[in-house]
């Protein structure tokens, strides 16, 4: 009887089902990212399944190629989403995940390992371009934030899943399990609908109404569906006169350019908060902190611990985002992350001058940084970017911001070690800390609340913020 009530008129259960299946490719992508942690140790050991251990250069190439492929992949996914539809593009993400694991099962040669990671780059692009767009376009305003946060939940859960099975299962067994997940998604997602926004854009109005009726668990004749359809048609009618070169059109329009600048800032905040180098530097931090505490973590245990922190943070974001709002969460996590980074930097500086600070401090601050990234900086940047643009611009903007994020990650991974060796790790972490604190101030003055609001209301806020700034400067 309770199960029947889930599908009562007006229920949102179909949106949750759809959102869950949308995020299966993100889980599969997260697993492919997590695969590098335990498998790098194995592939560089004497017990390597390929016979000879990989060199550091070969491992670095494997790690970096996904980010390089992701940069053009972001724009490719945005174009495909507009040309062939969100649904087919989502299935392409799973197909690229399938290609990853088939390639690794087929060969352990270096070319195969690098090619497999290149396929991961395509999945990475789709996971953070197409999946947020699909989720936004099938969701009610009242739950779109919670469903949007599932992307980060799925990513971090995929990471943790691979950390765990990577520690207990054999090499080829892991590959077969990982191949099974996207293969199942390809079959199951065939039953899911295309998004109403895309169907309206293509003139398939009747089909769009049927899809909305299924998603909202309402009858096709329900008056609220007519209102929603008119809203979609008006949104797309406003975009009809826009320039075909979408980025050019965005920069020509004052409101759109402000929204684009906001999207780029929140995206870069996610990447420059220090989480990426912290994850890569975790081993050394744990090693230093373990000297006097007797806390001995293996590399896989470190990965599992941080993975669990990420999952907890992303799950919390999904639960509270519709209550607390995007702005409050982004401000709070930016501030806490900034303070944590500064404390971590001070700990390293104190070590240089042989001053005493407790050895558990870097572990706490490291976990806080990862938690803030997963609970606020990462999910809120995705949710906000998806909410501040109409159908026409959404794909292009998501692609541009994700390409910038991928480039920022690639540069950080490339220069972090040499930079640390030349100026000291404390200077790098102070930079991350001050950047996060600056971001928290930026959020207060320039980021509008987007929770359960339409584009017109959000754009009114953006323009009000600009007018307030001009008045303050003139005063």
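In case you wondered, yes, glycine gets a Cβ from its N, Cα and C as well.
Note that this is a predicted model, so its numbers are computed, not measured.
Listed in TrEMBL for this protein:
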DOMAIN    18-451  domain 'Major facilitator superfamily (MFS) profile'
TRANSMEM  16-37  transmembrane segment
TRANSMEM  57-77  transmembrane segment
TRANSMEM  89-108  transmembrane segment
TRANSMEM  146-165  transmembrane segment
TRANSMEM  171-192  transmembrane segment
TRANSMEM  303-321  transmembrane segment
TRANSMEM  328-348  transmembrane segment
TRANSMEM  360-384  transmembrane segment
TRANSMEM  396-415  transmembrane segment
TRANSMEM  427-447  transmembrane segment
Mean per-residue pLDDT computed across the domain 'Major facilitator superfamily (MFS) profile' (18-451): 87
Intrachain neighbours beyond the transmembrane segment (360-384), with Cβ under 8 angstroms and 6 or more residues off its ends: 128, 132, 144-145, 148-149, 151-152, 156, 262-263, 266-267, 269-270, 273-275, 278-279, 282, 285-286, 288-289, 293, 295, 305-306, 309-314, 316-318, 321, 326, 329-330, 332-334, 336-337, 340-341, 343-344, 347-348, 401, 447, 450
Criterion met for the transmembrane segment (427-447) and the transmembrane segment (328-348) (at least three Cβ pairs under 8 Å): yes
Closest-packing stretch to the transmembrane segment (396-415), where packing means Cβ pairs under 8 Å, from 57-77, 146-165, 328-348: 57-77
Tertiary contacts of the transmembrane segment (146-165) (same chain, 6+ residues out, Cβ under 8 Å): 15-16, 19-20, 22-24, 26-35, 37-38, 127-128, 131-132, 135-136, 139, 174, 177-178, 300, 303-304, 307-308, 310-311, 313-315, 317-319, 321-322, 374, 378-379, 382-383, 386
Chain residues in Cβ proximity to the transmembrane segment (328-348) (below 8 Å; excluding those fewer than six residues from its ends, i.e. six or more beyond): 266, 269, 273-274, 285, 317, 320-321, 357, 361-362, 365-366, 368-369, 372-373, 375-377, 380-381, 384, 424-430, 432-440, 443-444, 447
